[in-house]
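According to TrEMBL:
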- B:38-147: domain 'PurM-like N-terminal' (DOMAIN)
- B:40, B:55, B:85: Mg(2+) 4 binding site (BINDING)
- B:40, B:85, B:222: Mg(2+) 3 binding site (BINDING)
- B:56, B:57, B:132: Mg(2+) 1 binding site (BINDING)
- B:57, B:85: Mg(2+) 2 binding site (BINDING)
- B:64, B:278, B:334: substrate binding site (BINDING)
- B:131, B:132, B:156, B:224: ATP binding site (BINDING)
- B:208-320: domain 'PurM-like C-terminal' (DOMAIN)
- B:225: Mg(2+) 5 binding site (BINDING)
């Protein structure tokens, strides 16, 4: 199968089904797409008074995913990690481009890959606009576009002293899943094992929460490299410090009630939530006066959020136990070139 | 050097110098950039009444460039091939993202790479908005954004029977340069040799011409995979055929006057212009009634254009010699998975 055939078969035709320009009644479905896949550029008509949010992420085989990774799940995850950046900005998806290097034009791999990718795209009304296909070591590079009412983007730089610090969902589970996948941690309970594998392979971008937090959150980031490191980006961009309660982070996840894991030391359990990456949850800050509104945004977006600490003057993160005692920590963010 | 340090040193700081938000007099320089490099997303304020053009291209080492490729020139070319897609749409650049996999954080390579990349970005006022860096086989994935007044994008689908077919610049030189680089064709004349190497390593995206052709060209494409194949995309998108004069294509380039190359058969010379890729010139169609206006657009944009044939009813390309006799050809577009 040639390059143009495979684009046509697995991406262009299916995208046209999923993302028609017009509904059956003739009303505009995705009126912003003037020209989609199949020209030198995609042409998009932006809605008035909206700003654009743009983000790019690249996934490399052997680095971001294992060679035997299920292609449907890989398609899902490749887009999910990009949508997560839109979520962290409070943006609503508009579309994405996909550039990929493939070792071969393998229909048995491309069919489920494109299915997983486009299923998530359809769920979030985020049409595939175009891209590039070439031969090479399996590499997926996605750029996503979203829209935000002018001035309402959630940035990393707005956290203020006294703000609460929150995370969505459960942090640390994806990192434990990696240890399970690599065979470092055997898990006896098959339900727990599958839950963990789902958490690393099928992350759910928190788009509804991100949009619900516009006007409430003072700063936000998505958790890709680990809480301590990613929260550190908010702190340095905002010129503030943080106190984080380790127990509150651990308690975002119920997996520690499993008898096998409950037998671990607290320090070992805490490690996952504090420094584990790949969660694609949101960490954000909001004034303590807005706790009720934040809880409402969480309910409205069907997304659990947990308060894990607060912003203080100074810099860096002070880690505390449940009794307010300082805990030592030497946790840094994941860095592809310093491991 | 870590991932965040290298982004900071080679891309973020330099971009801020090249693309300040405000001029020294306080007026907006690139007012559309609300948030550039360093957050989850770049945030961009689009000008009113403009449509966006978006395109992604991926370059893989060993496939699109040789391992010993000069990093400054690679930085230039990686952005140039993307800007060429904006040129083909008639768009004006707004910015770009860069996702890259690097085998190592090598400052001696990154410094000239970022310099070549950002020099071309500055020349075309196309700021770096963000991106991603990871470890892996050297792979560069760029997404470019441009703007076009609503409804004025040049597409592939508008060619009409009777239209003239043009190409900009000289076609075929980049393909000959590849043969020189690979040692298949030794070139005696050192000036010619350097000219050819420059043509493949430092393509000049035809942005000024593309914008000048708005309202004149009925269809356009950039030449990346070879004239016959790329023109074929216009024909199939427009539902028409073409007559192309092989001599007119060859005569776009003066290299065939070089004594060494002039000794080659016409068939061998023609091959380069007709099926060679990597030129990043524009092929476009325009009504015969607009020849003067096309010539004016070419002068205004300081870009030579050459008429090479015309659109006819039917499908596919009839190749002719200077006397109007049909020439046999079996030339198809480059395809990464059918070589």
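Using the three backbone atoms N, Cα and C, a Cβ is placed for every residue, glycine included.
Shown here: features listed in TrEMBL, placed on the structure.
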residue: B:40; record: Mg(2+) 4 binding site; CB count, 10 Å: 29
residue: B:56; record: Mg(2+) 1 binding site; CB count, 10 Å: 28
residue: B:64; record: substrate binding site; CB count, 10 Å: 22
residue: B:85; record: Mg(2+) 4 binding site; CB count, 10 Å: 28
residue: B:131; record: ATP binding site; CB count, 10 Å: 24
residue: B:132; record: Mg(2+) 1 binding site; CB count, 10 Å: 24
residue: B:156; record: ATP binding site; CB count, 10 Å: 25
residue: B:222; record: Mg(2+) 3 binding site; CB count, 10 Å: 28
residue: B:224; record: ATP binding site; CB count, 10 Å: 22
residue: B:278; record: substrate binding site; CB count, 10 Å: 22
Nearest of the binding-site residues (B:55, B:56, B:85) to residue B:222 (Mg(2+) 3 binding site), judged by Cα-Cα distance: B:85
Distant-in-sequence Cβ neighbours of residue B:57 (Mg(2+) 1 binding site), under 8 Å, six or more positions away: B:81, B:82, B:85, B:141, B:142
Neighbouring C-beta atoms (10 Å sphere around the C-beta of residue B:225 (Mg(2+) 5 binding site)): 23
Of B:55, B:57, B:156, B:224, B:225, B:278, chain A-adjacent binding-site residues (C-beta under 8 angstroms): B:55, B:57, B:156
DSSP state at residue B:131 (ATP binding site), helix/strand/coil: strand
Three-class DSSP secondary structure - residue B:40 (Mg(2+) 4 binding site): coil
Distance [Cα-Cα, Å, rounded] between residue B:131 (ATP binding site) and residue B:40 (Mg(2+) 4 binding site): 9
For residue B:85 (Mg(2+) 4 binding site): DSSP state (helix, strand, coil): helix
DSSP-derived class (H/G/I helix, E/B strand, else coil) of residue B:57 (Mg(2+) 1 binding site): strand
